[in-house]
Amino acid sequence: MKMVSRITAIGLAGVAICYLGLSGYVWYHDNKRSKQADVQASAVSENNKVLGFLREKGCDYCHTPSAELPAYYYIPGAKQLMDYDIKLGYKSFNLEAVRAALLADKPVSQSDLNKIEWVMQYETMPPTRYTALHWAGKVSDEERAEILAWIAKQRAEYYASNDTAPEHRNEPVQPIPQKLPTDAQKVALGFALYHDPRLSADSTISCAHCHALNAGGVDGRKTSIGVGGAVGPINAPTVFNSVFNVEQFWDGRAATLQDQAGGPPLNPIEMASKSWDEIIAKLEKDPQLKTQFLEVYPQGFSGENITDAIAEFEKTLITPDSPFDKWLRGDENALTAQQKKGYQLFKDNKCATCHGGIILGGRSFEPLGLKKDFNFGEITAADIGRMNVTKEERDKLRQKVPGLRNVALTAPYFHRGDVPTLDGAVKLMLRYQVGKELPQEDVDDIVAFLHSLNGVYTPYMQDKQ
């Protein structure tokens with residue numbers, strides 16, 4: 001028995017020595033790299049402090065594509081575990097945009113701020129299996145508070161609106177502004193062109209055909225129907241509040257509203273016109289429209305001018321004054337108790353990490369299936385998403401995060417339009433993005449909160465402009 005105990009003790013001592021030796025090497029490696037010169041590349045001391053924190057904690061190991069890894073990465077077993085962490089970490093969050101913004105003294109994106117805030121608040125990063133070896137990676141309460149204070153400062157400086165109540169200025173979301181500056185004459189033209197079916201090949205389909213302003217800015221179909229009954233490959237996103245998207249279309253292939261407006265008229269399975277010349281030839285026959293157009297655009301009809309006018313009109317398609325916006329502005333009675341609970345659950349369960357900002361989304365491109373692989377079945381070109389634009393492998397199956405404003409009015413959901421209810425959409429997100437299930441009562445509370453995002457659209461009245 002004594003011999004067994006002695007062998008066990010020797011074995012444990014050996015393990016401890018190996019662990020301490022490896023941890024000591026890792027500490028030396030981490031400490032050395034944290035002092036490298038590029039951490040000091042920003043001209044702003046506060047930015048340098050954040051950059052130093054990210055480097056010291058080793059965030060770039062898993063959240064950038066090309067970090068220098070420690071020597072123990074090549075040990076069998078450790079390599080497989082680290083490869084898994086790196087793959088999941090880089091898929092979930094790319095730190096490069098944050099570093100670039102800090103180095104250039106520019107605002108960090110809201111979606112990135114929201115993600116960093118969540119892992120700081122809930123103390124999920126760095127994970128325990130990482131800090132077990134990387135002692136320098138542990139985050140102290142003081143460091144956590146400093147990062148959260150930096151996030152609050154970024155929000156206050158770059159994102160918070162002046163009419164947000166003081167107690168809500170550090171929320172991961174902001175209210176929709178009451179109006180945006182626009183050119184009234186261009187808006188009038190854009191309104192007419194948005195509803196003009198002559199932009200389509202057979203003069204039967206207008207922009208409003210798939211983006212109805214009396215139906216949540218969508219057509220309510222799984223995918224849209226184009227000229228001649230052609231079936232589109234993807235669900236039509238709402239036109240309301242699209243001005244707040246970082247880029248347009250699910251895959252972000254259009255940088256601006258104007259770029260987006262130029263897509264459907266020439267798309268063979270949407271409006272199917274062969275060229276702008278074909279469209280202009282029809283518009284030229286309308287003397288009233290032509291006169292009105294020349295007053296605003298003396299050079300006359302062109303694809304650029306037509307889409308410029310439509311984009312200007314689309315800037316008016318915003319929906320402020322939802323119950324949630326009123327709450328953000330200080331009306332505590334604007335939300336029910338259930339909706340307030342739902343909003344807290346929305347934040348607790350990471351929803352706001354992607355669905356933040358003014359429209360609770362529209363600011364980043366994310367993959368479906370962070371915690372569990374999503375079964376797409378046969379993958380289509382539309383499913384490929386952002387990769388169609390960037391050609392980057394990391395962007396495969398990523399879509400622009402849809403905004404949640406008026407989401408109760410825009411079923412069916414997701415880019416395939418294959419989820420008919422909000423209840424189903426919430427449960428799918430929880431399962432595949434968060435990796436959990438919630439009691440039905442909690443799901444109901446989140447759905448109730450989502451209903452509070454229904455805003456007010458004031459229809460454009462052309463005769464009053």
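From the backbone N, Cα and C atoms, a Cβ is placed for every residue, glycine too.
Over in Swiss-Prot, the protein carries these features:
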- C59, C62, H63, M125: heme c 1 binding site (BINDING)
- C207, C210, H211: heme c 2 binding site (BINDING)
- C351, C354, H355, M429: heme c 3 binding site (BINDING)
- 42-155: domain 'Cytochrome c 1' (DOMAIN)
- 337-454: domain 'Cytochrome c 3' (DOMAIN)
- 28-465: topological domain 'Periplasmic' (TOPO_DOM)
- 7-27: transmembrane segment (TRANSMEM)
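Annotated features, which come from Swiss-Prot, shown on the structure.
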| residue | record | DSSP (3 states) |
| --- | --- | --- |
| C59 | heme c 1 binding site | helix |
| M125 | heme c 1 binding site | coil |
| C207 | heme c 2 binding site | helix |
| C351 | heme c 3 binding site | helix |
| M429 | heme c 3 binding site | helix |
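Sorting the domain 'Cytochrome c 3' (337-454) by DSSP state (H, G, I as helix; E, B as strand; all else coil) yields 55 helix, 10 strand, 53 coil. Listed in chain order, the residues near the heme c 3 site other than C351, C354, H355, M429 are F346, K350, A352, T353, L360, G361, V401, L404, Q433, each with its Cβ within 8 Å of the site Cβ centroid. Residue counts for the domain 'Cytochrome c 1' (42-155) under DSSP, helix first, then strand, then coil, are 78 helix, 0 strand, 36 coil.
Under a cutoff of 8 A between CB atoms, and with a sequence separation of 6+ in the same chain, the neighbours of H355 (heme c 3 binding site) are F346, G361, V401, G403, L404. Checked against C59 (heme c 1 binding site), the binding-site residues C207, H211, C351, C354, M429 differ in C-alpha distance, with C354 being the nearest. Annotated heme c 2 site C207, C210, H211; additional same-chain residues within 8 Å of its Cβ mean position, judged by their own Cβ, are Y194, S206, A208, H209, A212, G217, D219, A236, V239, P264. In this structure, the CA atom of C354 (heme c 3 binding site) is 17 Å away from the CA atom of H63 (heme c 1 binding site). This prediction places the mean pLDDT of the topological domain 'Periplasmic' (28-465) at 94. Non-local contacts of C207 (heme c 2 binding site) by the CB criterion (under 8 A, 6+ apart in sequence, same chain) comprise L193, Y194, H195, L199, V239, A261, P264, I310.
Nearest in space to C210 (heme c 2 binding site), taking C-alpha to C-alpha distance over the binding-site residues C62, H63, C351, M429, is M429. Taking the centroid of the Cβ atoms of C59, C62, H63, M125 as the heme c 1 site, the other same-chain residues with Cβ within 8 Å of it are K57, G58, D60, Y61, G89, F93, L95, P126. Residue annotation for heme c 1 gives C59, C62, H63, M125. The furthest Cα pair among them is separated by 12 Å. The heme c 3 site in the record is lined by C351, C354, H355, M429, and its two most distant CA atoms lie 12 Å apart.
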